[in-house]
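Read the structure below first, then the notes.
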Amino acid sequence: MSDRLTRIAIVSEDRCKPKKCRQECKKSCPVVKTGKLCIEVGSTSKSAFISEELCIGCGICVKKCPFEAIQIINLPKDLAKDTTHRYGANGFKLHRLPIPRPGQVLGLVGTNGIGKSTALKILAGKLKPNLGRFNTPPDWEEILTHFRGSELQSYFIRVVEENLKTAIKPQHVDYIKEVVRGNLGKMLEKLDERGLMEEICADMELNQVLEREARQVSGGELQRFAIAAVFVKKADIYMFDEPSSYLDVRQRLKAAQVIRSLLRHDSYVIVVEHDLSVLDYLSDFVCCLYGKPGAYGVVTLPFSVREGINVFLAGFIPTENLRFRDESLTFRVSETTQENDGEVKSYARYKYPNMTKQLGDFKLEVMEGEFTDSQIIVMLGENGTGKTTFIRMLAGAFPREEGVQSEIPEFNVSYKPQGNDSKRECTVRQLLHDKIRDACAHPQFMSDVIRPLQIEQLMDQVVKTLSGGEKQRVAITLCLGKPADIYLIDEPSAHLDSEQRITASKVIKRFILHAKKTAFIVEHDFIMATYLADRVIVYEGQPAVKCIAHSPQSLLSGMNHFLSHLNITFRRDPTNFRPRINKLESIKDKEQKTAGSYYYLDD
């Protein structure tokens with residue numbers, strides 16, 4: 001019996017359409033043929049029901065289902081117990097819970113759809129854990145008995161008896177536009193229970209947007225408002241779901257400092273974050289989540305920050321002797337980096353001249369530069385310094401006479417914009433067929449781009465129903481599939497989880513090398529930027545007023561230039577070479593600043 005309990009059947013209610021198929025799963029099931037009701041499809045039911053007790057794990061129904069709605073998953077043996085919550089029969093289930101500790105920041109790291117948001121809801125007291133018994137959910141007394149002897153018991157006793165107040169920053173800040181009416185300043189005044197509104201507005205640079213309404217501000221401003229709205233509340237548990245999306249590097253670190261300032265000896269702070277360098281800087285300890293997205297998730301025991309992130313990247317949990325990913329993820333700096341600028345001159349292929357562009361009150365000056373084939377140039381700068389404007393200038397989006405002082409060469413350009421909120425009614429298959437039919441038929445493109453980005457699973461879904469991360473993967477595929485000289489990609493990491501970011505980086509890098517093209521990329525995730533960059537363009541100046549885009553320079557000198565303005569130093573982790581931010585005023589931080597080496601390549 002123990003063998004059978006470690007198998008779960010997942011039926012996706014979105015994909016399963018019993019009225020549109022011949023119920024192939026039921027007809028082909030060998031257990032049903034023996035007369036047992038392993039798979040049932042009622043005349044009124046919206047999806048099939050699979051009995052996990054009767055299922056023998058043959059996997060025939062998985063192959064036969066025309067909508068790919070079924071997953072049969074064999075779990076590790078020790079997952080027969082410790083179920084915290086399950087969303088109904090054949091639904092997602094979560095094993096164990098992260099363990100928050102008062103006075104410390106708990107970081108959660110894991111892929112999308114693995115149960116991080118479910119864990120947050122349970123810890124916030126918004127969702128009562130059913131311990132896997134969705135038909136007869138237990139009461140709080142039974143739940144506390146289940147967790148007895150662990151740190152979670154004392155935590156849940158406080159949640160139930162003391163009515164702990166929770167303040168949550170949601171994952172998708174775009175929804176604030178639909179909910180909040182009136183200007184942001186008045187909204188923040190209403191929420192201010194700690195009298196800290198002026199302080200947080202100065203810290204998060206919100207003073208200039210307080211008179212505006214939610215629908216008039218950018219994603220980054222909305223994110224900073226959402227963090228401020230949680231900060232001014234008087235609460236016992238503070239939760240932040242992806243606080244760094246839409247923010248630039250400087251704002252991410254400021255947000256991290258603001259979140260850490262919420263710590264009291266009796267308060268809990270929990271953060272879900274996909275930018276690993278920010279998570280590293282922010283957290284005191286980390287819980288990893290692994291499993292199969294949309295099917296089941298397992299929470300590990302707490303690790304120290306460095307060890308936890310390294311465990312996640314290695315894909316192996318030493319405490320449980322369990323491998324949850326086939327390969328480990330490491331960060332070697334770009335193999336094609338040209339260190340000295342003289343080397344580029346010898347085979348420079350393209351040049352662009354000095355340019356200026358006036359857009360309303362904003363003026364951008366671009367210093368002349370050059371680039372070669374098979375090269376990725378990453379643009380580093382704060383929000384509002386004209387990175388997207390420069391991309392559009394190269395793409396020829398502005399008329400020639402409108403302030404460009406000298407001719408820009410004619411480049412055939414493929415452009416992926418920053419936002420990708422597509423409202424198209426067609427399926428992903430139709431969209432790819434319309435836009436990049438030739439590329440999709442090419443086996444090299446299939447193996448280099450479509451399979452690693454897992455686009456095949458999305459083919460029959462309607463574009464407007466996709467999640468943010470799924471839309472982002474489709475947008476990257478569309479951009480790379482279009483034949484062009486230059487690929488301009490604006491924030492490829494937005495909405496992607498840590499694992500998908502690394503996959504997307506590898507896909508872009510491999511494609512650019514194979515196709516012998518050039519890519520200009522805007523990226524705020526530091527780990528992804530350093531992995532991608534062959535050369536960097538640094539932007540400096542006053543955002544939204546006047547900025548300068550410097551000529552492309554080597555990764556080391558460009559990063560040093562950029563980080564010296566931000567007053568941050570990085571070191572490299574000896575295990576997997578990922579960049580780690582030094583704590584401000586630490587010995588390592590002072591040493592590197594004295595030596596003038598803000599960024600390390602040689603560890």
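Using N, Cα and C of the backbone, Cβ positions are placed for all residues, glycine too.
For the domain '4Fe-4S ferredoxin-type 1' (7-39), the mean pLDDT of the prediction comes to 91. Per Swiss-Prot, domain '4Fe-4S ferredoxin-type 1' is recorded for 7-39.
Sequence-distant neighbours of the domain '4Fe-4S ferredoxin-type 2' (46-75) (same chain, 6+ residues past either end, Cβ-Cβ under 8 Å): 4-13, 15-18, 20-21, 23-31, 36-40, 89-90, 292, 294-296, 457, 460. Marked as domain '4Fe-4S ferredoxin-type 2' by Swiss-Prot: 46-75.
The feature domain 'ABC transporter 1' is assigned by Swiss-Prot to 70-315, with sequence analysis given as support.
Annotation for K116 (ATP binding site): same-chain Cβ neighbours under 8 Å, separated by at least 6 residues, are L108, G110, D241, V272, L289, G297. Under the three-state DSSP scheme, K116 (ATP binding site) falls in the helix class. Taken from Swiss-Prot, the feature ATP binding site covers 110-117, 381-388.
Among the features that Swiss-Prot reports, domain 'ABC transporter 2' is placed at 344-566.
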In three-state DSSP terms, the structure that K387 (ATP binding site) belongs to: helix
Where G381 (ATP binding site) sits in the secondary structure, as DSSP reduces it to three classes: coil
Neighbour-count leader, CB within 10 A, binding-site residues: N112, T385: T385
Secondary structure composition of the domain '4Fe-4S ferredoxin-type 2' (46-75) [DSSP: H/G/I, E/B, coil]: 5 helix, 7 strand, 18 coil
Nonlocal residues around I114 (ATP binding site), in sequence order (Cβ under 8 Å, 6 or more apart): L289, Y290, G291, P293, G297
Long-range Cβ environment of G381 (ATP binding site), under 8 Å and at least 6 residues apart: D248, K387, V538, Y539, E540, C547, A549, F562
For K387 (ATP binding site), the number of other Cβ atoms found within 10 Å of its own Cβ: 26
Other C-beta atoms that fall within 10 angstroms of the C-beta of N383 (ATP binding site): 19
